[in-house]
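Q: Encoded as structure tokens, here's the structure I'll be asking about.
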Amino acid sequence: MKIVEVKHPLVKHKLGLMRENDISTKRFRELASEVGSLLTYEATADLATEKVTIDGWCGPVEVDQIKGKKITVVPILRAGLGMMEGVLENVPSARISVVGIYRDEETLEPVPYFQKLVSNIEERMALVVDPMLATGGSMIATIDLLKKAGCHSIKVLVLVAAPEGIAALEKAHPDIELYTASIDKGLNEQGYIMPGLGDAGDKIFGTK
């Protein structure tokens with residue numbers, strides 16, 4: 001599995017601001033979107049382009065345009081929605097597919113409860129977005145769902161990842177790519193990433 005920890009100074013600076021304990025909902029939401037945008041920039045660096053001739057202000061001009069697979073952005077509900085706007089700033093024509101996952105309280109296994117995928121997803125590259133990759137359960141379940149629907153070109157974008165989640169994801173789906181702003185130390189006894197960001201969903205939606 002290709003694993004990319006984006007070390008750009010802007011990414012590190014913005015993520016550092018997100019770690020502040022007393023950060024406002026507005027600021028956290030803005031930064032989640034901004035870092036999501038920067039991760040998208042990195043994740044799409046290998047997109048193929050082709051030469052196209054267009055009508056420029058002074059006549060025909062040859063330009064580069066992206067070719068190949070189109071993109072679908074896949075936010076995992078609910079926290080993934082906080083990164084979606086930033087992703088779409090870079091790929092505004094991308095279609096949106098939505099997946100909802102919850103954890104069964106008895107088995108602790110992830111259970112899909114909602115999915116709305118674009119109709120031609122097998123022809124698209126999926127950018128799956130979720131702020132945190134902790135145990136990896138929700139992400140693995142989402143990718144299982146996407147592959148079952150015929151999508152096999154998949155890149156994962158997360159703000160923070162735990163080594164435990166990375167290992168689980170690599171074991172389940174070694175063919176995908178992971179882009180993260182930080183690989184943190186690991187999980188605590190409650191399953192939170194340390195130092196992490198706390199509950200990203202609560203901070204994005206103001207429900208903490």
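The backbone N, Cα and C atoms fix where each Cβ goes, and this holds for glycine too.
Small disclaimer: the values here were computed from a predicted structure and weren't measured.
Annotations for this protein, taken from Swiss-Prot, read as follows:
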- Arg78, Arg103, Asp130, Pro131, Met132, Leu133, Ala134, Thr135, Gly136, Gly137, Ser138, Asp199: 5-phospho-alpha-D-ribose 1-diphosphate binding site (BINDING)
- Ile193, Gly198, Asp199, Ala200: uracil binding site (BINDING)
Q: Using DSSP with the three-state reduction, classify Ala134 (5-phospho-alpha-D-ribose 1-diphosphate binding site) as helix, strand or coil.
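A: DSSP call for Ala134 (5-phospho-alpha-D-ribose 1-diphosphate binding site): coil, neither helix nor strand.
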Q: If you measure C-alpha to C-alpha, which of Ile193, Gly198, Asp199, Ala200 (binding-site residues) come within 10 angstroms of Ala134 (5-phospho-alpha-D-ribose 1-diphosphate binding site)?
A: Ile193
Q: Taking Arg78, Arg103, Asp130, Pro131, Met132, Leu133, Ala134, Thr135, Gly136, Gly137, Ser138, Asp199 as the record's 5-phospho-alpha-D-ribose 1-diphosphate-binding set, what's the max Cα pairwise distance in Å, rounded to a whole number?
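A: This binding site's residues have a maximal Cα-Cα distance of 17 Å.
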Q: Going by Cα-Cα distance, pick out whichever of the binding-site residues Ile193, Gly198, Asp199, Ala200 is nearest to Asp130 (5-phospho-alpha-D-ribose 1-diphosphate binding site).
A: Ala200
Q: List, in sequence order, the same-chain residues at least six positions removed whose CB sits under 8 Å from that of Gly136 (5-phospho-alpha-D-ribose 1-diphosphate binding site)?
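A: Once residues fewer than 6 apart are set aside, Gly136 (5-phospho-alpha-D-ribose 1-diphosphate binding site) is near Glu164, Gly165, Ile166, Ala167, Ala168, Leu169, Ala172.
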Q: I want to verify one value. Collapsing DSSP to three states, which class is Ile193 (uracil binding site)?
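A: The residue in question, Ile193 (uracil binding site), is strand (DSSP, three-state).
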Q: Please report how many Å separate the Cα atom of Met132 (5-phospho-alpha-D-ribose 1-diphosphate binding site) from that of Ile193 (uracil binding site), as a whole number.
A: 8
Q: Neighbour count first, Cβ atoms within 10 Å, every protein chain included; then name which of Asp130, Asp199 tops the list of binding-site residues.
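A: Top count of Cβ atoms within 10 Å goes to Asp130.
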